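A.B. asks: Residues annotated as repeat 'PPR' in TrEMBL: A:89-123, A:190-224, A:260-290, A:291-325, A:392-426. Among the features that TrEMBL reports, domain 'DYW' is placed at A:607-699.
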DNA sequence: GCTGCTCTGC
């Protein structure tokens, strides 16, 4: 990629000076060197003693130090100085407006601006950028427009700072076109002007525009700075623009900018989102100081790359540092916990959130609910839901989908009705969740009703996912012919997922003819998985056509179709243990195999009969039995039995669907060993207890 | 002296 390297503005460094002694005649300069509230208190006392405080210029400098220069100052300190001013001028008001905006009280800033106008204090050129920033924070477009009128009235319409701030206001309110209009009309643009435009595009998710504008900037040989690069990197990540991202990385290296944590964190984020998480990790490891944002970015980077185990390993490293994670960090951690089904780590996050009294934001609350629902802890999820001070359509959707997956379809539908009653408008994802609930609960007529309602009552056009849900509803309930007709009459082209869904229903209801046609359609639309062939093979086996069953199985080998190895995961003391079918990768695999054998012996005594119809049909009976007894979830359950104390619930997460034999075996295990076992497969949950399963053998 | 700054859930 050929870019010209524009000149990069030099950084200015100001070395902080400690106040060591007190001059007899304090100059305002001293005040600006105050770094702590203690310094300020000393000077303040001195000014009162010497009555210098009554000098308006001195008092104003004191106010500036208190309001702007000292971090973490109590709110009332600058307020009390301001209130003692006899006749505050525009400069004093400006300082206070900036102070309130800085301290996240933009409302107070606007009130003060009103007071300023009422007291007929004439605003100066510094007033408008300050007050517009307060409006930006509040997304107060109306107020901003009134201020625009005042800017023109007082003749600051050509002031660069005022126009920049105005541009920033439009940008932050999502009015990117208006902002761009202002931008294009400006005779001169500073780097801040460009950055305001970038940040507006970024805030509205206009990633292409960010990259386009940056290329224009390079063409015009306009100097950019670190803030520009942060915005552009964010866009590169979303667009997977790895080439531009790498170019920026080179630029950062060449210009010695790796000391800027925000910039390097943006690089980490960009590389993660472009799928180059190892490069991201290298940069992260090289950072001299890693703040909580850097940790959050790296943890979420692993999550987005589906490398959840590494995400949680990094969390354990972070716990050993002094870094205080925030709500944002917690959301990323919870996401990985939820995917893995890592309930222990997730519960640690929850207790940490409570201990630190973190705000239960919509995002955090929803992520917590998602964790509990994906770990099969429905009660905990509902408790979080009830405690959330505000909920949005995501929160409701997560709850409905989660209940559906946990076999509580009717409850899920109940929550959908209360959501509508509370005037939360469902979106298309909500309807996927609702239809899923109908499918898991076997509610055919309700499903038809919701499908019809989404377009009629909510103006949502059904998408391929919704059609897929309907096929699943009809197929699972045994209406195979109707499902087949439904697919043929769909107004959109069916995809492989749709046909795969019907194929799975044909397996349950032993429909050979439509099963064969479904597989043909899957193969026609995309390269089929081994699982698709196994489904058809099992259909043949279930109606006694063993030769056909073997033939289809052999096709997998002959045609070199990739097999997805079965994998089950169990968490123990925060460590994720993975088991694959018939593998011995796990460090304790000998012990695990022995435990599995014992477990199988015990349940056989209690009446379990191996069901080998899902095993390789060309194998000898003994081999078949041994092969199915080494399915990954049996290994994981056996490991759980020997490593946890009696009575503890065993939680397994697996990547494929549960096979018939494992389902039967697990029911028996739950009875013989008196354990609750929760298995999350790729579609839904199975809660095993006392020899039965929450899915009522319908999955 | 003012304006722009990275990490989040289906």
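Heads up, the Cβ atoms here are built off N, Cα and C, so glycines get one too.
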A.B. asks: Using Cβ atoms and a strict cutoff of less than 8 Å, what residues sit near the repeat 'PPR' (A:260-290) while being 6 or more residues removed from its termini?
C.D. replies: 226, 229-230, 233-234, 236-238, 240-242, 245, 248-249, 252, 297-298, 300-302, 304-305, 307, 321, 323
A.B. asks: Counting each residue once, how many in the repeat 'PPR' (A:190-224) are helix, strand and coil under DSSP?
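C.D. replies: When I sort the residues of the repeat 'PPR' (A:190-224) into the three classes, I find 26 helix, 0 strand, 9 coil.
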A.B. asks: If you average per-residue pLDDT over the domain 'DYW' (A:607-699), what number do you get?
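C.D. replies: Averaged over the domain 'DYW' (A:607-699), per-residue pLDDT gives 80.
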